[in-house]
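TrEMBL has this to say about the protein:
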ACT_SITE  HIS126  active site, proton acceptor
BINDING   ASP127, VAL130, GLY132, ASP134, SER136, GLU148  Ca(2+) 1 binding site
BINDING   PRO225  substrate binding site
BINDING   HIS255  heme b binding site
BINDING   THR256, ASP301, THR304, ASP308  Ca(2+) 2 binding site
COMPBIAS  438-450  compositional bias 'Pro residues'
DISULFID  CYS128-CYS133  disulfide bond
DISULFID  CYS183-CYS377  disulfide bond
DISULFID  CYS262-CYS286  disulfide bond
DOMAIN    100-381  domain 'Plant heme peroxidase family profile'
REGION    429-464  region 'Disordered'
SIGNAL    1-21  signal peptide
SITE      ARG122  site 'Transition state stabilizer'
Amino acid sequence: MLLSGLSKLLCILQCISLAFAILDPIDFLALQSIRKSLDDMPGSNYFSTWDFTSDPCNFAGVYCDGDKVIALNLSDPKGGGAVEFRCGDLSYGGRSGIFDIVRGIVQKAIDCDPRMGASLLRLHFHDCWVNGCDGSVLLVNIDDFVGEQSAIPNINSLRGFDVIAAIKSALNEKCLCGNVVSCADILAIAASQSVEILGGPSYQVLLGRKDSLTANVTAANVDLPSPFSNFTTLIANFKKKGFGIQELVPLSGAHTIGRARCGTFTSRLKDSDINTAFAAGLNESCTANAAARGNFTVPLDNTTTVFDTVYFQMLEEKMGLFRSDQALYSGGNQTSANLVKSYSSNQAAFWGDFASAVIKMGNLPPSSSNGQIRCNCSIPNNIYPANSVLNLLPPICPFTLFTCPSCPLVSLSSLFNIGTPPTYCSSPVTYSPSPGSTSPPPPPPPPPGTSSPYPGSTSPPPNY
């Protein structure tokens, strides 16, 4: 009799195990999260079928293909609650879908402006380095509020806000339940995709960040490292965030892509640790283009649209553009100099250490526990300028809901003239990722007649 009872128990456990096994575990946990967030209202028994001892693919409103949830219909139940799950937790419109959408828009932006990849990576760094990764760098000045975009390291130099807005709009439209991917997460994903597209490493991007309700221009002025810094100042800045030389050097290697204005490096042209021919070439270029003022830029290294090791090779040649760059090799710290030497000839070592450091940076926690998922990355939810027409509209993101939240981002942003999707090319560039492919497309060719602005360099000519 006892044996028979044990046999029945084993059979029941096996059946339950089989029921769980037919669905992808990530999707199973996501459905559990949704169920915990929503409850039947009086008179409804919609969720009575959501019994997790049975096959979740038989739940009301759940549609599966094999072991994946491919669709979810929550339009009919009389339920209420705050849905806290993320679009990326389900196969349908899940991580791969999010990343494909982001990559497509970033790819188009880089195709039309090769500098944009560096700009998006810089946005992510400037966000995380000030009070953690919370999307605060995206908030614009409203009424008496002054955001981080007005900080000295950021003003008139940060770029890519239109790309982030386009990504936000696309994700809100395509994701299963609308506004479920935070702006801080979008910054992290856009940065990673930029690195990949420009030929750099693929690294894991963790999701789940929340967007801040405010920003801190004072902290941005204090915390963001300066291009004029010596090594002592740089390492002190990084130690405040719990980072050391092992993160400082590879993260600085992000300067293997991008461009800089003359004002950020002209004071270095008379330094003792600079290649004289290199300095003369830079001085000539900046002088010849003085009329352009801040609109003239030069490459940070000789292959500015390729995420490679040329940046470190140029440091060995005393051709670091910023004083803070050259300090990594010539600043008197042997550990740092040895890393520069290692990375200059070992791309795998640089990529591995960069990936570890940028993941650690992307996990810097926000200074506040209060957070939200903004509908418009430029403004906190339901906060508009005084007397704005937007104040006449109902709240964008309801916290109590009967169906998935929806954010009319495009129409609202057009009223406010914030976050409108960018127009890059007269002939739009399409992106069709190959299934399973992680290989980036080749970088765009240099314009005809371009030559290196770096006389005396043994590195390849720039690829604008």
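The backbone N, Cα and C atoms fix where each Cβ goes, glycine too.
Predicted automatically and left uncurated, TrEMBL annotations should be read as such.
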Candidate with the highest Cβ count within 10 Å, taken from the recorded positions ARG122, HIS126, HIS255: HIS255
Fewest other Cβ within 10 angstroms of its own Cβ, chosen from the recorded positions VAL130, CYS133, CYS262, CYS377: CYS262
Cα distance (Å, whole number) from THR304 (Ca(2+) 2 binding site) to CYS377 (disulfide bond): 29
By Cα-Cα distance, the member of recorded positions CYS183, CYS262, ASP301, ASP308 nearest ASP127 (Ca(2+) 1 binding site): CYS183
Mean predicted confidence [pLDDT] for the domain 'Plant heme peroxidase family profile' (100-381): 94
Between HIS126 (active site, proton acceptor) and CYS133 (disulfide bond): CA-CA distance (Å): 9
Candidate nearest PRO225 (substrate binding site) in space, where candidates are the recorded positions VAL130, CYS183, THR256, CYS286 and distance is Cα-Cα: VAL130
Same-chain residues at least 6 apart in sequence whose Cβ lies under 8 Å from THR256 (Ca(2+) 2 binding site): LEU300, ASP301, THR303, THR304, VAL306, PHE307, ASP308, THR309, VAL310, TYR311, PHE312
Lowest local Cβ density (other Cβ within 10 Å) among binding-site residues: ASP127, GLU148, ASP301, ASP308: ASP308
Non-site residues, in chain order, whose CB comes within 8 A of the mean position of the CB atoms of ASP127, VAL130, GLY132, ASP134, SER136, GLU148 at Ca(2+) 1: HIS126, CYS128, TRP129, ASN131, CYS133, GLY135, VAL137, SER212, ALA215, ASN216, ALA220, PRO366
Residues within 8 Å of the THR256, ASP301, THR304, ASP308 Cβ centre (excluding the Ca(2+) 2 site residues themselves): HIS255, ILE257, PRO299, LEU300, ASN302, THR303, THR305, VAL306, PHE307, VAL310, TYR311
